[in-house]
Amino acid sequence: MATGTIVIKIGSSSLTDGNGALSTERLRGHVEAICELRHQGINVIVVTSGAVAAGFTLIGYHQRPKSISQKQAAAAVGQSLLMQAYMDAFRLHGYTAAQLLLTRADFADPARFSNISQTLRELLKRGAIPVINENDSTSVDELTFGDNDRLSALVSGIIHADMLCLYTDVNGVYDQNPNDSPNAKKYHYLASVPEALLDRVSADTSAVGTGGMKSKLLAAKTAIELGTNVFIGNGKGRETFTDVLLGKGDGTYLGPFTNKTMSTTKQWIVFHSEPAGSIEIDSGASTALLKRGKSLLPAGVLSAKGDFSAGDIIEVFFNNRPIGKGKTNFSKHELELIKGLNSEEALSLTKRSKKAVIHRDFWVATKKECSY
């Protein structure tokens, strides 16, 4: 089997027993399957849920808590137990697990975003297996990923993974809920995530987790946009993970299965940055950006809004509709001076060295509303 990197997301429903508590037996089964991949030369990053499940009974809850404060308290107790279970299980097979706890703010800050990428690559280089979870005990509602499906998609992008595997207790994606409709049709392969399918599938979560099938499809959509192919399905058994990479997985494969990926810089721009302002451009500039792969020059700028500086991320509009985001080489004040001018005139006025308002290497088109 060829070498590569995959991200495996293991949800709470795949890690818990009938009472919703952490099942060490089930966890070790997943670890054994992951180690089988490592033996074959595959780099693996694990995104795991289960901290709440591991901790809630130890602080007196008789069932999985539902309020944010209760879940954060349970996660504070359970995260160390969950990680210890992973470390013990991987150690049995001669591997070292490495814990990373992430929040949405880690991705929003460009320096921290870069550090995540560098740390993951160094861990893989050293033969460790990164085990990632959201930092549930400190995340506030506005800064959460929503669920680990989304987190796993973002991780797959930052590491340029070959595949994202979203393991669940359902064996793939159906056109209807198979529990309600005996005639539900299973999709074995989808090149993309159709909006019509997103409208039909359930957003319901399991009793032990936060992500339903809709969450997984949204994560798949994000991963595909980032250049990572996706598998959604069953993840039980030692050979299961290998079967998935061989195209024999019990589930649904999603994506174009090409090698086209989005650069880490562009990932941060489109999925994580907060625009400091915006500009409106003309039709010629829109064509240059969207169809010809060119940079944006001052001549195509009509107006600017906000209070931004050179180096900030700004949103670009055409006909009052957003078409993308990019890093500006000019401040808002400078753009007001040079909008509509040719490049030589603009450089003469601003004394800048760069001709482009937004260079194509720091531009990302957003043709329609993305899943972030």
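Cβ coordinates come from backbone N, Cα and C, glycine included.
The feature ATP binding site is assigned by Swiss-Prot to Lys9, Thr168, Asp169, Thr210, Gly211, Gly212, Met213, Lys214, Ser215, Lys216. Counting only same-chain residues six or more apart in sequence, the Cβ atoms lying under 8 angstroms from the Cβ of Lys9 (ATP binding site) belong to Val46, Val47, Thr48, Asn148, Asp149, Leu151, Ser152, Leu164, Cys165, Leu166, Tyr167, Ala219. In the three-state DSSP scheme, Lys9 (ATP binding site) is classed as strand.
There are 27 other CB atoms within 10 A of the CB of Asn148 (substrate binding site), with all protein chains counted. The substrate binding site annotation in Swiss-Prot covers Ser49, Asp136, Asn148 and rests on sequence analysis.
Positions annotated as domain 'PUA' by Swiss-Prot: 276-353.
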Which one of these binding-site residues, Ser49, Ser215, has the sparsest Cβ neighbourhood, judged by other Cβ atoms within 10 angstroms? Ser215
Using Cα coordinates, what distance in whole Å links Asp169 (ATP binding site) and Ser49 (substrate binding site)? 14
If you tally other C-beta atoms within 10 angstroms for each of the binding-site residues Asp169, Met213, the top scorer is Met213
Cα distance (Å, whole number) from Ser215 (ATP binding site) to Ser49 (substrate binding site): 14
Per DSSP, the domain 'PUA' (276-353) contains 26 helix, 25 strand, 27 coil
